[in-house]
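Encoded as structure tokens, the structure appears first; notes follow it.
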Amino acid sequence: IAATQPSTNWHLKENARDHHTSKFSSKELIVRRGQAFIITFNGTEQPEKNLTFIAETGPKPSKLAKTQATFGISSTVSKETWSAVLQSTSSGSVSISISSPPNAVIGRYKLSVQSTLSGSSSPASLGTFVLLFNPWSSGDDVFMPNKAECDEYVLEEFGIIFAGNKNHINSFGWNFGQFQGDVLDICLSMLDRSLRYRQDPAADVSHRNDPKYLGRVLSAMVNANDDQGVLLGNWSGNYEGGKSPSSWTGSGEILQNWKKSGFKPVRYGQCWVFAAVLTTVLRCLGIPTRTITNFSSAHDAHGNLRVDEFYDASGKHLDRSPDSIWNFHVWNESWFSRSDLGPSYSGWQILDATPQEESGGIYQCGPASRNAVKEGDVDLDYDCPFVFAEVNADCMYWNYDPTTEKKTLIFSESATIGQFISTKAVGRDDRVDVTKDYKYEEGSTKERDIFKKARKKLGLEDKFDPTALTPQEIDQKPDISGKFKVAGTLEVGKDLNVILVLANLQSDAKTVHVNMTAWSTVYTRRPVHEIWKDSISVTLSPKEEKEFPIKIPYTEYQQQLTTDNMIQVTALCHVEGGIQVLAQRDIILDNPAIDIQVPGEAKVNKELDVEVIFTNPIDVDLMDCVLQVEGNDLLRGILEIDVPSLKASEKSSTKFKITPFETGPKHLLVNFSCDKFADIKTFKLVNVIA
């Protein structure tokens, strides 16, 4: 090798095209494992067959740990090891095709070349490249045979996240942005900041060939608990000192903020933010990943497949159990094989970066095989019991008397948890229901058998199971039934109208004392502010049904509402001489609509007019109005526009220009906030042509 440093042509464009990495905007070569890439370099005066290449990664590269490979030029590609095949030579320059094995460690590699003839001369550096997982390659643990699914779960930078509650599913767009700016570098530094890396850097890097290892490590790193990870969770309803979780519209800003602050946790996240950031990181590294929303999601803190909720005599939902039933919860599914469990447990794996319970002493969750969850195989790694409970736990509702500390079971149910489990469709902006992939049909014998199997595996079969009591074993049946109905529109800015319906189930008259409350909550159903309370006494004649309309004016709830726009109404009915009955409803109020108009044709590098239209629906002025706009390949970074105050019923039109810089279907995301409405979101599909 000549004394001069060889100059390397990485054939960035051709290699990126072949490796599905063209969307990265990097000057560095980014390729996928188990697949060949071409490089050309000059500065060699030795016969080509005497060249030896060295590829190494991590702080202590070693052949044993598979973080260093030394390979000469061979005539064929090896499937098992790194190899180099000569493509062509011309005066002083050599073109080589280099292949990595399909189970190579991923990350940033140094590549150097050495001549075997020149004895002890040190290797000459050719530069660095980044190696990623390869879902397009059949030898890879993350191999996904369906190309449309690879496009969606690895290459798509836009997503839709489902939220709300089981009676009212809503959705919003999210900009994953896994190929933008320095997101890849931030993802790699995330790995180098994990607890595993800090404990033993060389061992950690040597495990980076394994998607289940990386998935678990990253589920811990996306939350700030234990390791100064990316996002600090906050479910209090008060988000001072940071950004409210519902104000984010993409992962890019969060990851950039984390890096810019010197890797201090970003404030604040809630479940969908943790899940969206984990989606970005895993898609960036090449692991097919999607977000999943589970409605009526159980947080079983005791590992007994049961969730307990407590209410006092006034009907107030007490915050005295670590268990809870969230209106919705968002986690991730990533696609890879499970050599540790066997082929029937491969496919979608559940990962959850929201810090709920510790696993192995730190806040991480998964990968839990989705098939294992469906079959009740809760003894399999990792965290299957917790995930199984999220979609299957039984619910117990108790009346609790703080003075005597006595608790009385009001009722239990086994079919409310885990409903309408949702994800975005492949190639379309629609919702797909995947509940049947998590469990057998609710109420079927198979579903109850699986529940019993799971209880048995967790050693719970001898423990009290109140949901298994037959009606004869329960001392008394309720004499009345109570439920809430919703009347009229459910919109922020309008009065809330609900109807309490009480029915006497017996053939003699019953006197009922009803204590009612309404509280604003966060989406985990944690009460935040009391809005209203009332009590009534009624006598119901035999078999009579009565309706009691309740009106909560906007002026009464406006100050108390959280950014989740959720209100929980509760009625605890004390029947004279009978058992108590609990009626409860979680209500979501819709934000007013906002509209994006893109009148012209979208062309690359041509200015495009955009108009955002919003009408103030209430009879008070709206102040502090701000519009936030983002969209990959449509504009760089985030556009913030101050919008003038809006008088009652006034319509506002905000016009701005964007210049798209890539062709194809792109999504423009808009988020509007003011002093009375938080985070009104919408998105628009813009088709950019050349």
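Placement of Cβ uses the backbone N, Cα and C atoms for every residue, glycine included.
According to TrEMBL, the active site annotation covers C271, H329, D352. What TrEMBL lists as Ca(2+) binding site is N392, D394, E442, E447. Summarising the annotation, TrEMBL assigns domain 'Transglutaminase-like' to 263-355.
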Inset, instruction - Quick one: of the active-site residues C271, H329, D352, which has its CA closest to the CA of D394 (Ca(2+) binding site)? - result: H329
Inset, instruction - Name, in the order they occur in the sequence, the residues of the same chain whose CB lies under 8 A from the CB of N392 (Ca(2+) binding site) and which sit 6 or more residues away. - result: A298, L305, I417, G418, K439, I450, F451, A454
Inset, instruction - Around the recorded Ca(2+) site, report the further residues of that chain (criterion: Cβ within 8 Å of the mean position of the Cβ atoms of N392, D394, E442, E447; site residues excluded), sequence-ordered. - result: V391, S414, A415, I417, G418, K439, G443, R448, F451
Legend entry - recorded positions near H329 (active site) (Cα-Cα within 10 Å), from C271, E442, E447: C271
Legend entry - For D394 (Ca(2+) binding site), the number of other Cβ atoms found within 10 Å of its own Cβ: 24
Legend entry - Which recorded positions sit within 10 Å of C271 (active site) - Cα, from D352, E442, E447: D352
Legend entry - Separation of alpha carbons, E442 (Ca(2+) binding site) and D352 (active site) (Å): 24
Inset, instruction - Counting Cβ neighbours within 10 Å across all chains shown, tell me which of the recorded positions D352, E442, E447 comes out on top. - result: D352
Inset, instruction - Averaged across the domain 'Transglutaminase-like' (263-355), what pLDDT does the model get? Just tell me the whole number, please. - result: 96
Inset, instruction - Could you tally the C-beta atoms, other than its own, that fall within 10 angstroms of the C-beta of C271 (active site)? - result: 28
